[in-house]
């Protein structure tokens, strides 16, 4: 049987690296990362974010003023963009309302036209039916007379 030994070395950001070796079998295992604290968890914070929070800026420094100025300009730009988007949306809503009104008026007009054309068609069909019926009755009468 092979014996496995583990050596723990403290790592960075609260993570320990466990080195394992397999004796007598010649196998090597990949190091494993485990939390250093027994409670586990907690997010690792990137070094760039750690340094920013650890040193507060002096409100009178040039760097602070430059950052504030850049932030203020970004906020103004964002608000203008938002306002422009709202205006564009309102304009589009008004255009769509006008188009909808035009289309509804066109629907009403076409519906009236369809109704008139239906009435004309039915009247014409009725007149044709009246004209065709007497001649078809005469044909049956004539054919009955011809047989006798």
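Even glycines carry a Cβ here, placed using N, Cα and C.
Nobody curates TrEMBL annotations by hand; they come from automatic prediction.
Copied from TrEMBL, the annotated features are:
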| type | residues | note |
| --- | --- | --- |
| COMPBIAS | 55-71 | compositional bias 'Basic and acidic residues' |
| COMPBIAS | 130-148 | compositional bias 'Polar residues' |
| DOMAIN | 61-124 | domain 'BZIP' |
| REGION | 26-93 | region 'Disordered' |
| REGION | 127-148 | region 'Disordered' |
Counts of helix, strand and coil residues, the compositional bias 'Basic and acidic residues' (55-71), according to DSSP: 10 helix, 0 strand, 7 coil
Averaged pLDDT score, the domain 'BZIP' (61-124): 97
